[in-house]
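*Asks:* Structure incoming, see below.
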Amino acid sequence: MKRTIRFCVIAALICLHNGICSGAGIFINGTLISNCHPESGEFLCKSGHECIHASQVCDKNNDCTDDSDEFPDCEKSCSGVKCQHGCMPNINTKEKGICFCNSGFKVSGMDKDNCVNVNECTEHFGACSQKCRDTPGSFECSCLDGFNLLPNNSTCVPKVPNAKLIFALKSSVRVLSLSSQTKQVRTLVEKMGQTVGVTFDAEGDDVFWTDVSDRMETIYRSKMDGTEAKAIVDTGLILPESIAYDWIARNIYFTDSNLTHVGVCDRDGKACTILVQEQIDKPREIVLHPATGKMFWTDWGSTPAIVSAGMDGSSPLPIITGGLKWPNGLAIDHGTSRIYWIDANVNMIETSDLEGGDRRIVKTTDIKHPFSMEIFADTLFWSDWTSHQIESCNKFTGDDHNIVLDTPRDQINGIAIFHPAAQPKHRPNDCEDHQCSHICVLTPVTSVQKFRCLCPVGMTLRSDKKTCRDDPKKPKLFMAEGANLKSMHFHAIGHDVLTTTQIEGIHTIGSIAFNPLNNTYIIFDNMRKILFSFNPSNNKLEAIISRHLNSVRGIDIDVVAHNLYWVDASKQTLEVMSLKTGERAILYHQTTYRPFDVIVVPEVKSLFVALVGRGEGQILKMSMDGVNIEVIIHIPDGEPTALAYNHDLEHIIWCDPLKGTIEHASITDSKIRFLARANVGAPYSIAASGNRIFWSDRYTQLLNSFVIGTDIQDTPIFIGDDKDRFNETTRGNFYAAIGIKNTDNSHLMDLFDNHECSPDAKNRTKSCSHICLMSRRTNRATCFCPDGMELDSDDRTCVPLKICLMSQFTCNDGACISSQFKCDNTRDCKGGEDEFNCTVQSTCRVSDFVCRSDQTCIPKMWKCDGEHDCHDHSDEENCPDIPCPNTSDFRCKLGRCIPQSWRCDHVVDCPDKDDSDELNCNFTCSPGEFKCKTGNHDCIQMDWVCDGENDCGDGSDEHADCDNDCKEDEFKCMNHKCIKRRLVCNNKDDCDDNSDETRCPLGVPFIDTGFRSSNSTIRGTTILFNTTTTVAPMQRSGKCTPETFWCFTGECLEFSKVCDGRMDCMDGSDESENCGDVCGVANECSHICNRTPQGPVCSCPPGYRLTTDMKSCEDIDECKQNICGQYCVNVKGSYKCTCHDEYVLKSDHRTCKAKGHPPLFVYESNSKVFIAPQDLMTATVIPVEPVLSGLDINSHNGDIFWSNDRKGIIGRSNIDPKKPREILFTQLAVPGQLAYDWISSNIFVVTNTNQAGRDKRRNLVIKICHVHKDPEKRLCATLHQLLGHEVTAMAVAPKEQSIFWTEITFTPFGTSIGAIRMGNMDNHKTTTLATDEVINPAGLAVDHVFKRVYWIDRQIRRVEVVNFDGSRRRVIISSGVSRKANGLAVFENWVMWSDEGKNVRCRTDMQSNCMRVRVQNITDARHFKLLQQSLQPTGRDPCANNSCSFICTGTTSVLSSKPYTCFCPDGYSGENPNLSCHKDQVRVRGPGNGTPRSRSGKPTVPIVSGNDISEDSNENDVSRITQTAVTSEPSDDSNTAVIVICVVVILIICLVAGAVIFYRKRGGAPKIFVRPYVQQWVKYVNDPVQRWRDNRRVPLTSHDAYAEVYEAGGSTSSEHNYANPCYDDLDPPSGAVKLGDGDHRGEQKSGILNLGKNDGRGFDYENQLRDGHYISYSQRDKLLENEFA
């Protein structure tokens, strides 16, 4: 007998290549068990566990183990049955046999007697690895080029197994060889910004990747070995997350989820355009299928979808929509022509055909947060953000899950498989001979035309459909700098998007405007002082005005009346010239401010002029004929230097380099101003088109842009010269005037047709002889005359003036010229008499000293005073040796006297480069210190060497051996990223952690020193930064100080560069023939007189400033300017900074650096404590109890103290993980936040007096627990009773014997009220430091140097600080605080906190300078501390020699003769003056209190000696003695009495409750209770004894008062189960509603009742309910319940 040998496998694992099997179940030797398929010739044995083939039935052999395949008359059932392939006998011989089909066929027909072919290619997913062709009864598999078919005739494998996995990792692109068993990874490129998308060109051996760093978004290309790396697209990108390469037509496709489009570029980035922008939301990953000419992308926007479109952008169509949440990764299997996608929300891999059909689920397990996806051969690959891994599985089954690569610390973004076979060429390159001028793309294979020509943004196809030209209807942006005119299209994408024209004959372009009347540009040459017209079509340059121009800042065109307007900042005039007649006139002359720009708005017939003074400005609105002048914008603290106009909003827009802002306001209601952007650097010129604003920056050579009303900010475009791109010396010398080239003036058609000044007007009734100006009268003109002429009586014709005006100068021949032209170095009168008698001769006063070199006059008293007041130091020559007034002082070489303690203190204190106080000093460095090479001979801590900071001042501590892997022209960020040094201090976060902007001096551009910090000294009233590189003479824009000269182009110069014969201002306004000797007889300066073209200007020596008369000097008290990091001493003309004992003065002589090791960051996250170094790149796990409720540290020995509220314990660990953890205190009631006193070794912890309660209603106290060496004496005493419901942070100041905590009280309305409180460690008093505008404080830190406490409030999202005495509360951080902020620390000049796995660091002196650093392995830190010795300053321990038996802390009482106070632990009492404590015999629990207390239920108070109380003791001290007596042990008789009283009270309560229930059941009147809640919250109970809790005693103010009204009692106890109100829920009961105002009748017996308006005198209202019962609530400070029947 034939027997089967059983072995079982899952049906899905049966190889499909040995004959396709159908069904599911368990197989035995390839035979399906218990699910046989008769139609395939499978016979089910009677046992139900075996299947045999039909040919084995009735073959005289027992093939079934139960012999059921041989039965009587088994052949009869098939007799007469006509089956196409075969008949299987039926074990039920009464029924006919069963027709079956051979392999590869299936039964068909009504009688199921025919067989048809099975298409295995479509019906059996995964039948072939790649290509599949169906054959009768079978199928054939084949492979793509580059693959081989294995002997199983199904699986395809690459011919050359050299596949490489390219992946984007953080700021690098790396390559993993998949053929290597060792998983070798090499770096392709590194030190990028944030790499995301990757793709490749196998034929060209190229790799492409995207960088999405903020404002540096770029597409790069390099060779596979990392060489020839270059940016190919760096303009027009915001968030290019994915990139794909068309290896047929050689184009790059990309998605931009911020700009919501799909774009394409040629492989060099020379031409780019947008393919799809409609019906697209948030495109993510894009893939291409050149064989069909289609592209696909995922969209995770509001309607998630997989979208298909032609590779030419045609026919975009969502093909998959349902069942998607966050479709991230997308891949195409070119072998099977299927798409695969992976969803980061549903964590699932799915697949479909290219039309969206045959959708299947591949894998649903082992997926966490997938990002990118790729396919090669039979394997799917994906990157996962959560696991930090690249994983893989089988593309058909989802099995064979493997970890390809694990990067525990870094996030992996895009991935791609580099292999020639991964880019099959299924179609010819139809773009090879395309003749397209710019871009050629493939079209879908179904299209008639196989390729399509496309144009870059801003261009359009000509009629030949191949050549592109500029679209004249689309505006362009132009910019002019030097002699170059550059232009670009809006939204241009690519690399070289600028078209540059060098204008011959131009020296320096100062201002420019486009003239749409003839498509020319009006240009002012700053050096030649000429207005030109330039035609770009033929490069023709023509002078239109060459006289009486000085510093033209703004130009604009009136296209209706054909007039040219400009402002001259030097002459302080607004002028106009007719482009028809060439005549010009002065419209407006300003004497106080300088006009900087003008905007013409013909549709409102108005001009807008920007006026700038010293640190203030105005914007004027006037009619176009110069009348109706009004100030619409006044800016007291800024300078509006450039204007633009938004026609749609009717808003005037201006940039302010002084404040670094761009603002706008309505021209009809200018009272409301809008801040469009802050911190924009130093804007020089501005332009607007629609809602998009552009501006150039004076220092960065970048063109910036953004959209009004959105957060969208485009990638800046470099508009400087390529040769200077990385040249730091060009910073501060870049002036690019920008504008919009727009020929569309359709909005002015009505004016063109009807205005009298328009040459195209249909019915002109007035013609002006010289200048025609638009007035605000409807379509009426104002005729205007040039200087020296006036209108004739016809009001149209200009005739010569008969008598010159007061504002004019009369030439000898009677001609009139403007007084502005007098003494301007230009002869306007024929005889030149306007330039006669222009020079003034003068000399110094007799009482002055004359400096030798420049004849500067200074007071004689300054001669030989030890200070260099003359530039040549001649005032300190030949001086006698005068002794110092204080004999203990040190006299400097130049005569200055300084304190002797400043001698040899490593700081040069003598002025004017006199280092005599630091000469001949015996400087030695102690062990553990580093000696600087030069400079001030500093010794610095060894820990400061190679820390990235120039601590020595000469850079010797940051030597070549330091591990600085950035290039010479790069800056190393705190997160170890390298950026170009030109990007440092440009008011933009290029590091991604803002560390490139954190040490920038306000108002000074960054000049490369090779280090991250600079030394500084005081120079006059301006801080100048001494660096190893020569500082450019022009300081960063803004308000020029009295010590500097203000150029009309905005620069600030040192006076030594004014009137020196060299033009240093861009417009040459620092030089003039008027310079002469203006500091002669007319000199009224008390100290220094400076020559300027505008006359003498007084200034002061360093350390002094001008008084209000602008002539005299006074000493500057630099200390009032908070110039020192900690302590400051003011001296004449200077100052001295010193530091706290825990700090040392840094080499900048101003800031202080903490002694000791660099700080360690301590975090608690996911029930683990992590210790991280300053760079936060690594972390050590410290063993603690899981789920901590409190955390603090001892910075001196590394101890970590923590509490666990679930176990009621406090424990101790150490930053050394080898040291064991220790449980210090147990049986505490819900211990929460804690703080450690490192001087007296006490822990202050918040606990709950209700052991069982962990809700918002707990009675909180602060306990003091002494960390005694003897574990038996580690006990706690109650110190403070708290008022709030939750404490979120604690800190201590042991030297001041103070505790600080943040407290939150929850209101019945779902809100919270916060408070910052301070209490003494000896239970003396509690003080509220802040409560107004404190809602949800989440962190607390103490500044022990300045005696301040900081807190962070995540509800109002800011950081505040207040002094220990409650004074000087102020906001220091008002942005960057999220609602998940936790913890707080203050270190040196930084304030830090934790925010969802990131450490946020902000400068305490600069609100905008914050950076965020990702903390490795931390996702959501609940506690954050900083460990550094200076944060816990040491001091004398007041308990060093105490005689306390248990707990000791310092005292704040001035009456105490001892420096300490003793406490008895909870459950202990002390009766005698020996400060001893003994255990209470009876321990009583207070209401809801699970913590032992004294019999009185009151907190334990300090025991004081009788000798410590004098006759003059104050009330508080007497109170302490009395309380001590109360807590003393009572007698046994009193114990009995207490028990009896308690029993009686309980019986009374029960009797009353029973009576009430009986009364209610008999139908008696219900009892109504009121719970008023205004600012005090009380809940009454069904109890005759009134019990209530006054949570917060606050005087009631005028507002609506409400009460919760409900009916007590009920039919069953389960319906009305009222609990003690002190601990019951504070929220109103479910279903409570407002019954109405005043005496309105309510329809419910329970709800919220409005008691009416409180007038401040108290409540006295009666409100009637439906059942006739009244409720009265009265008295302001007491809460009483009254019942009326």
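Every residue gets a Cβ built from N, Cα and C, even glycine.
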*Asks:* I want to verify the bond table. Which candidate from C864, C870, C910 sits on the other end of the disulfide that TrEMBL records for C892?
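*Replies:* That record, TrEMBL, gives the partner as C910.
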*Asks:* Pick from C966, C973, C978, C1000: the cysteine that TrEMBL pairs with C991 in a disulfide bond.
*Replies:* C973
*Asks:* If you check TrEMBL, which of C798, C804, C829 bonds to C816 via a disulphide?
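*Replies:* According to the record, the bonded cysteine is C804.
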*Asks:* Candidates are C1065, C1075, C1079, C1085. Which one does TrEMBL pair with C1047 through a disulfide bond?
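*Replies:* Looking through C1065, C1075, C1079, C1085, the record in TrEMBL gives C1065 as the partner of C1047.
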*Asks:* Measuring Cα to Cα, how far is C864 (disulfide bond) from C892 (disulfide bond) in Å?
*Replies:* 13
*Asks:* Taking C829 (disulfide bond) as the reference, which of C804, C816, C892 (the disulfide-bonded residues) have a CA within 10 A of its CA?
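*Replies:* Final answer, ordered: C816.
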*Asks:* Out of C966, C991, C1047, C1052, which of these disulfide-bonded residues shows the lowest number of other CB atoms within 10 Å of its CB?
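*Replies:* Candidates: the disulfide-bonded residues C966, C991, C1047, C1052. Fewest Cβ atoms within 10 Å: C966.
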*Asks:* Of all the disulfide-bonded residues given, namely C910, C1047, C1052, which is spatially nearest to C973 (disulfide bond) at the Cα level?
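*Replies:* Its closest listed neighbour, by Cα, is C1052.
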*Asks:* Checking distant contacts: for the domain 'EGF-like' (141-156), what same-chain residues at least six beyond its ends satisfy Cβ-Cβ under 8 A?
*Replies:* 15-17, 127-133, 334-335, 377-378, 419-421, 424-425
*Asks:* Between C991 (disulfide bond) and C978 (disulfide bond), what is the CA-CA distance rounded to a whole number of Å?
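*Replies:* C991 (disulfide bond) and C978 (disulfide bond) have their Cα atoms 8 Å apart.
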*Asks:* Mind looking up the mean pLDDT for the repeat 'LDL-receptor class B' (293-336) in the predicted model?
*Replies:* 95
*Asks:* The repeat 'LDL-receptor class B' (1347-1390): which same-chain residues, six or more beyond its ends, come within Cβ distance under 8 Å?
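*Replies:* Residues 1125, 1143, 1151-1154, 1159, 1289, 1291, 1293, 1296, 1298, 1300, 1302, 1312, 1314, 1316, 1318, 1327-1330, 1333-1341, 1396, 1400-1405, 1407-1408, 1410, 1420-1426, 1428, 1430-1431 contact the repeat 'LDL-receptor class B' (1347-1390) from elsewhere in the chain.
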*Asks:* What are the helix, strand and coil residue counts for the repeat 'LDL-receptor class B' (293-336) according to DSSP?
*Replies:* 0 helix, 23 strand, 21 coil
*Asks:* What residues elsewhere in the chain lie close to the repeat 'LDL-receptor class B' (337-379), defined as a C-beta under 8 angstroms and at least 6 residues from its ends?
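*Replies:* Those are 122, 125, 129, 147, 155-158, 163, 165, 197, 242, 285, 287, 289, 291-292, 294, 296, 298, 306, 308, 319-320, 323-331, 385-387, 391-398, 400-401, 412-417, 419, 422, in sequence order.
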*Asks:* Across all the protein chains here, work out how many other Cβ atoms are within 10 Å of the Cβ of C910 (disulfide bond).
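*Replies:* Taking all protein chains shown, C910 (disulfide bond) has 24 Cβ neighbours within 10 Å.
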*Asks:* List the same-chain residues at least 6 positions away in sequence whose Cβ sits under 8 Å from the Cβ of C816 (disulfide bond), in sequence order, or say none.
*Replies:* D787, G788, L801, C804, L805, Q808, F809, T810
*Asks:* If I take the alpha carbons of C978 (disulfide bond) and C1065 (disulfide bond), what is the distance between them in whole Å?
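*Replies:* That separation, Cα to Cα, works out to 35 Å.
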*Asks:* Just going by other Cβ atoms within 10 Å, which of the disulfide-bonded residues C804, C978 has the emptiest spot?
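*Replies:* Among the disulfide-bonded residues C804, C978, the sparsest Cβ neighbourhood within 10 Å belongs to C804.
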*Asks:* Quick one: of the disulfide-bonded residues C966, C985, C1052, which has its CA closest to the CA of C838 (disulfide bond)?
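*Replies:* Out of the listed candidates, the nearest Cα belongs to C1052.
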